[in-house]
Amino acid sequence: MAIELFYDADADLSIIQGRKVAIIGYGSQGHAHAQNLRDSGVEVVIGLREGSKSAEKAKEAGFEVKTTAEAAAWANLIMILAPDTSQASIFTNDVEPNLNEGDALFFGHGLNIHFDLIKPADNIIVGMVAPKGPGHLVRRQFVDGKGVPCLIAIDQDPTGDAQALALSYASAIGGGRAGIIPTTFEAETVTDLFGEQAVLCGGTEELVKTGFEVLTEAGYEPEMAYFEVLHELKLIVDLMFEGGITNMNYSVSDTAEFGGYLSGPRVINADTKERMKDILTDIQDGTFTKRLIANVENGNTELEGLRAKYAEHPIEETGAKLRDLMSWVKNPLTETA
């Protein structure tokens, strides 16, 4: 089924310009949303917890900074762009007491709404606007007169004009210049989590580490293994990003292409696909989210333990040494980004 696309011509910018918008959080997405909205003629304040390190950055960018509760009380559209694991407490303590009938509560990711961690009153508009790119790209494209495609979704529409509001917001941050794609909270949440866990973060990390282990255990130098299974990964991903898998296969050598066709299915096979389906089920039925929340409630002990364990893998020490030889590569372990 073909997706439906909307553009600036389909959006009424005056709708969002008639709202007072509080951006909760001033990280990667927060700064881009706030600046793009302001440049589109929208009145914006930033809501942050007291003592937030982001407050000074927001003030330097010319924004009024309020506490989260003050920002929520001032606004009639609240966009929550804080980390997933902080959103429920932010909503309960600071946002919910300051919501009024007809206010809008927007999110950049659907997890908390889809899994009922946040349950706004029925008279509140609940929507999502999610650019498909990091905040710095959303901002840079906007400044250049372009945009990043945006997903929009509606969970509650007590007034009947929630989609028009979401379209207006997405257009104001540049989404309408590239394409605005309607979806659902469920689809955005599940596909996003699955992509992160099975492919982008979890799957890729394990593939790289296992390849490194196979080569080093066979007696090859760790440096050679690092170059072949991690360093060159960016070259391949960039080719896929720019033109798809066919573009990547066209661009590499015949030897690499032929070997990939033969050996790829030996690594990622029918058994792998079944395990990926298990991961999808854990996401769909809430198993993963329950574990995520339990980790937070236990002081992040599971996450911290996993983080420490994974950081000890030999590929990390090898990579840090090699990246120090590459003046064009930023190494966040030794440099301030």
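Glycine residues also receive a Cβ, built from the backbone N, Cα and C atoms like all the rest.
Listed by Swiss-Prot as binding NADP(+) are Tyr26, Gly27, Ser28, Gln29, Arg49, Ser52, Ser54, Asp84, Thr85, Ser86, Gln87; the candidate from Gly110, Gly127, Gly133, Gly135 that the record includes in that site is Gly135.
Proximity of Ser28 (NADP(+) binding site) to non-local residues of its own chain (separation of 6 or more, Cβ distance below 8 Å) is seen for Pro134, Gly135, His136, given in sequence order. Each residue contributes its Cα atom, and for Asp192 (Mg(2+) 1 binding site) and Glu232 (Mg(2+) 2 binding site) those atoms are 25 Å apart. Taking each Cβ in turn and tallying the other Cβ atoms within 10 Å, the top scorer among the recorded positions Arg49, His109 is His109. Comparing C-alpha positions, Glu228 (Mg(2+) 2 binding site) sits nearest to Glu196 among the binding-site residues Arg49, Ser54, Gln87, Glu196.
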